[in-house]
Amino acid sequence: MGCFSCFDSSDDEKLNPVDESNHGQKKQSQPTVSNNISGLPSGGEKLSSKTNGGSKRELLLPRDGLGQIAAHTFAFRELAAATMNFHPDTFLGEGGFGRVYKGRLDSTGQVVAVKQLDRNGLQGNREFLVEVLMLSLLHHPNLVNLIGYCADGDQRLLVYEFMPLGSLEDHLHDLPPDKEALDWNMRMKIAAGAAKGLEFLHDKANPPVIYRDFKSSNILLDEGFHPKLSDFGLAKLGPTGDKSHVSTRVMGTYGYCAPEYAMTGQLTVKSDVYSFGVVFLELITGRKAIDSEMPHGEQNLVAWARPLFNDRRKFIKLADPRLKGRFPTRALYQALAVASMCIQEQAATRPLIADVVTALSYLANQAYDPSKDDSRRNRDERGARLITRNDDGGGSGSKFDLEGSEKEDSPRETARILNRDINRERAVAEAKMWGESLREKRRQSEQGTSESNSTG
């Protein structure tokens, strides 16, 4: 699915004031980036940006080198040679605003991915500039590494580290019949890693960066299925000061866009959280965000899944059949709770991505062992039966009571249970650290006493 511009929203890129702000102050040491880029920076300590009205504003970059564009500048002939003149055999696929090729740099022998932007694209140049700047300033293990770029004449190319396992979309929706589907543990690991990349953009960059095109095809996989976010051409700087959103022309991918952004053009970090929820649902269900080949009523993933969230007896139906039942039922419920909270229609009710990272890190650490499947499945089924009895007025309502008093509260109740488990895990970890610290202090004290006695 490609990018689209929907509705006839204003092209204004200014920040609109509103009454409240959900974003705290960022530390001065955080990476600083500039918006509305008109050209690549020359390496100075300031980046200038121009608003539609023509007025300039300057964003100071840290003096620790973040302001320097570290990416290497390539000549077009170097990249043509690396890709055998963009031979069809080196073609990897379509990326945002261009085609991606596999290449090998003659100078270093490094295998790379080369994205050649569409020279006829109306926005290709802006997206090129944004991506070069973003990936040059922002570095994180879950963001793809930009090696360099080419801006010879009208040529616009980006050179990335090569991600050998392709995209998450490949493994979820384009998997050959002879290939094994991602297992439950790997899906949770990928979700947690992708969320960490998004958290870095939202909470560590200053001002925050809104990704704006979070989707399964933009999550690339390295060796070991380590996920990295790619394609930053649509990224926008988030609101600053007392602003709570950015007003911009609606861009993104159908099926992933948050409803408030699609309708009003008002963009916040919670817009990314919605998109993350859609991708997380793809991981859980194995379904596409939009699939025209599915029966009527099941073509839109979110619209299909939402009613199922209100009936715990149907939770199992949300699991990807290719998992073949090899997943912990309780973890499935918890994962669905996270997804449900992320795709809430009201942006204010969605969690912050930092909270999502906490929840998914917990789930990713609860490794599922297929060899223990039978006993665990029996325990989960007993818990499910307790829930059923509770519906009829009996039973104890155990920790598998995911819904509480009303069905519509089930995602919230599950989130509460998940938070309780996370808090318990934190408490145990803190207790261990405290115990280790206390033992170390005692050891040092005893050692000091022993040395004192020996000298006496």
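Cβ atoms here come from the backbone N, Cα and C positions, even for glycine.
Annotated features, as they stand in Swiss-Prot:
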- ASP213: active site, proton acceptor (ACT_SITE)
- LEU92, GLY93, GLU94, GLY95, GLY96, PHE97, GLY98, ARG99, VAL100, LYS115: ATP binding site (BINDING)
- 12-23: compositional bias 'Basic and acidic residues' (COMPBIAS)
- 27-39: compositional bias 'Polar residues' (COMPBIAS)
- 370-392: compositional bias 'Basic and acidic residues' (COMPBIAS)
- 400-429: compositional bias 'Basic and acidic residues' (COMPBIAS)
- 446-456: compositional bias 'Polar residues' (COMPBIAS)
- 86-363: domain 'Protein kinase' (DOMAIN)
- GLY2: N-myristoyl glycine (LIPID)
- SER21: phosphoserine (MOD_RES)
- TYR160: phosphotyrosine (MOD_RES)
- SER217: phosphoserine (MOD_RES)
- SER247: phosphoserine (MOD_RES)
- THR248: phosphothreonine (MOD_RES)
- THR253: phosphothreonine (MOD_RES)
- TYR261: phosphotyrosine (MOD_RES)
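The binding-site residues in question are LEU92, VAL100, and the one with the fewest Cβ neighbours inside 10 Å is LEU92.
When the Cα atoms are compared, VAL100 (ATP binding site) and TYR160 (phosphotyrosine) turn out to be 10 Å apart. THR253 (phosphothreonine) carries neither a helix nor a strand DSSP state and counts as coil. Classification of VAL100 (ATP binding site) by DSSP places it within a strand. DSSP gives the residue listed as 'active site, proton acceptor' a coil state; it is part of no helix or strand. Across the structure, SER217 (phosphoserine) and TYR160 (phosphotyrosine) place their CA atoms 16 angstrom apart. Comparing C-alpha positions, the residue listed as 'active site, proton acceptor' sits nearest to TYR261 among the recorded positions LEU92, GLU94, GLY98, TYR160, TYR261. The number of other Cβ atoms within 10 Å of the Cβ belonging to TYR261 (phosphotyrosine), over all protein chains shown, comes to 26. Using a 10 Å radius centred on the Cβ of GLU94 (ATP binding site) and all shown protein chains, the other Cβ atoms total 13. Rounded to a whole value, the Cα-Cα separation of GLU94 (ATP binding site) and THR253 (phosphothreonine) is 14 Å.
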